[in-house]
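Features reported for this protein in Swiss-Prot:
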- 1-27: signal peptide (SIGNAL)
- 49-185: domain 'Thioredoxin' (DOMAIN)
- CYS93-CYS96: disulfide bond (DISULFID)
- 199-219: transmembrane segment (TRANSMEM)
- 226-246: transmembrane segment (TRANSMEM)
- 280-300: transmembrane segment (TRANSMEM)
- 313-333: transmembrane segment (TRANSMEM)
Amino acid sequence: MMKSSKVSTILLLLFVVIIGSFCLTYGAPSTTNQKPLTSSEKKLLNDLYDRAKKAGGVVEFKSNLDSKKFVTAQNRPYDLLALFTSSNPKYGCSGCVQLKNQIESFSLSYEPYLNSAGFLEKPIFIVILEVDYNMEVFQTIGLNTIPHLLFIPSGSKPITQKGYAYTGFEQTSSQSISDFIYSHSKIRIEPVKTFYEKYSVQILSFVVFLASVRFLITAYRKRKSPMFWYFLTILLFACVIMGIFYDFIHKPNFYEFDHRQQTYNYFSRGSRSQTVSEGMIMGVSTIAITLIFVFLSDILPNYTNFSSKSKGLLFFMGMSSIIVLLFFQSLAFQIKYYRPLFFIPSVTYHY
């Protein structure tokens, strides 16, 4: 009995020693591999840190000297989120202004992290480079268009757009910028949200609930009205068609295959041409649906000699004309993101 007790005690001690050794070896991340900063790197970090504190978060470089010193410097001891843009109407556009305003708005969320105690352990700075003052940096990186939002990691690697460019210009928000930073640096900056941003889902859900109740009451009262069901069918068709075109235009980010060059290329996302074409598609289709609805709901009932069969035939002819109209509109607006005709490559990429 004594012998078995001693064996159990020895095995328990051995188990504790093994677990303790494992915890000491793998339990905490090793900091011995972290290379200490040189005096020049510390000075560079402190200089940019002071400028960020004075600027309230976002630093705007006004000269090539500043951008060379902090952006294209060797052995950068910090990460950068750099917006390459222009306020000059000669170069800039509405997208530049919108993105710059969004970055400046994001500084409200970034400033608490800038002032936190652990900032210098994982430093990241947000900078804005205007093309008028930083042309050399634009040429060095190879930027021919604006705006560009790039994540620039610490170190001495050449700055590149591949894999480090922000692509969500159409739906830019503080949350999407925060997610972009986290995806590259694992630094989580919680965006400051307004009352509407915090509770928009709840507000929208409540509005939809009230609208649904109202619709059910109306549907019950109008259940014997043929024109109500005509209107409902048209509305359903319109929503489906609009949804198809919206989905086709906006997502996902397809590639098209160039058979001559044997390369894949992005479908164009040019904001101006896309806005014009999309607006015409949605606008003309909405007008067509409205006219047909007015005809079916107001003019058609006044003709008593029209049978229900004739009304049904006119309805389906109207809906067919809408579908044909939308198809020919898609032929008319064959910009890059419509080319070739409704061809979706077998290889697609989702971001």
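Yeah, the Cβs are placed from backbone N, Cα and C, and that goes for glycine too.
Taken residue by residue, the domain 'Thioredoxin' (49-185) breaks down under DSSP into 60 helix, 26 strand, 51 coil.
The Cβ neighbour count for CYS96 (disulfide bond), using a 10 Å radius and every protein chain shown, is 22.
Averaged across the domain 'Thioredoxin' (49-185), the predicted model reaches a pLDDT of 84.
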